[in-house]
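Pulled from Swiss-Prot, these are the features on record:
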ACT_SITE  HIS370  active site, proton donor/acceptor
BINDING   ASN214, ASN236, PRO237, SER238, SER322, THR323, GLY324  substrate binding site
DISULFID  CYS186-CYS335  disulfide bond
DISULFID  CYS200-CYS395  disulfide bond
CARBOHYD  ASN66  N-linked glycosylation site
CARBOHYD  ASN93  N-linked glycosylation site
CARBOHYD  ASN151  N-linked glycosylation site
CARBOHYD  ASN196  N-linked glycosylation site
TOPO_DOM  25-398  topological domain 'Lumenal'
TRANSMEM  4-24  transmembrane segment
Amino acid sequence: MRSGGTLFALIGSLMLLLLLRMLWCPADAPARSRLLMEGSREDTSGTSAALKTLWSPTTPVPRTRNSTYLDEKTTQITEKCKDLQYSLNSLSNKTRRYSEDDYLQTITNIQRCPWNRQAEEYDNFRAKLASCCDAIQDFVVSQNNTPVGTNMSYEVESKKHIPIRENIFHMFPVSQPFVDYPYNQCAVVGNGGILNKSLCGAEIDKSDFVFRCNLPPITGSASKDVGSKTNLVTVNPSIITLKYQNLKEKKAQFLEDISTYGDAFLLLPAFSYRANTGISFKVYQTLKESKMRQKVLFFHPRYLRHLALFWRTKGVTAYRLSTGLMIASVAVELCENVKLYGFWPFSKTIEDTPLSHHYYDNMLPKHGFHQMPKEYSQMLQLHMRGILKLQFSKCETA
């Protein structure tokens, strides 16, 4: 009996061991064993602490190694983006001429940086703009900021003046016409060739307020890339003179063309040069006589002078700011979120694909009149600081 009891005890112990092994080593034991063996081989060459925990059979395969790796990569990207922002500051402050390829390489690097709106940066920059320029009160000429009897000096020809009499005064809105300010989402649409085949139209049209520059075409096939919604469009008086022949023979064509902008404001620099005044007033009279839906506004010369001084302190010293930079500056004051489309002063994409200067033609600006690379480096800085967002390529479509 004693030997029989010993045999039963031995059998019981073996069964217990077998049961424990089954509990200890589930069906994935072979794969886990390979992982453990690989871990033991790696341990001598600096295995991470997370991987060493695999030696505990009850510990699941950890994900901490990947998480740590991703955290490290994120930190590296953040540091590189900070360095890039510093480099942009240097780029805009230096006087030496940078090549187009230098800028394109910088933009390639910027695209690797995640973009997030930075509320504090935005508020600080907007406060500085408001302090110097005050678009809310002074962006356009109004009866409130320019009473009858004002002897208004021109923006560029500052020694020249125009007295504001009743007939001119009544062309002005009573106050600033942007009644829904601040707008949540604003799109400032430039005319760069980068917009061709961008498919940004739907995204642009979802914006609460859309700014456009210099009466660009927005109908037909162009609308899928540039959208059609327009709340404000600038008008360069030279367009009225050259394209529409001072609204004499081509008045009907002008009225037909601007009808595509719905009830948008038409913004003209009537008081930048004396030569602009008469033709700008003629646009106003033409729309009034034809009972058009669009309303004419005039840039306030004081606002433009102050804005030029603001950007001059940041290195933009060209003869005159581009319309795009003017409107982007206005948008920062009027809007909570600003996105720029079609701002691309380069002859090719970052993939080296040739581009036309505008999405509708290849007419180049006057040499030396604007300072596009300097302006663009400032816009890149605003992008990197989370103040506004630049669209560099095609838009994502649903």
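Using N, Cα and C of the backbone, Cβ positions are placed for all residues, glycine too.
Counting only same-chain residues six or more apart in sequence, the Cβ atoms lying under 8 angstroms from the Cβ of CYS200 (disulfide bond) belong to ASP225, VAL226, GLY227, TYR341, GLN391, LYS394, CYS395. DSSP gives CYS186 (disulfide bond) a strand state. For ASN214 (substrate binding site), the same-chain residues 6+ apart in sequence whose C-beta sits under 8 angstroms from its C-beta are ASN191, VAL233, THR234, VAL235, ASN236, ILE239, THR323. Cα-Cα distance from GLY324 (substrate binding site) to ASN151 (N-linked glycosylation site): 28 Å (rounded to the nearest whole number). Ranking the recorded positions ASN151, CYS186, ASN196, CYS335 by Cα distance from PRO237 (substrate binding site) puts ASN151 first. In this structure, the recorded positions under consideration are ASN151, ASN236, SER238, SER322, THR323, and the one with the smallest number of other Cβ atoms within 10 Å of its Cβ is ASN151. The 10 Å shell around the Cβ of PRO237 (substrate binding site) contains 21 further Cβ atoms across the protein chains shown. Of all the recorded positions listed here (CYS186, ASN196, SER322, CYS335), SER322 has the Cα closest to the Cα of ASN151 (N-linked glycosylation site). Per the record's binding annotation for substrate, residues ASN214, ASN236, PRO237, SER238, SER322, THR323, GLY324 show a top Cα-Cα distance of 16 Å.
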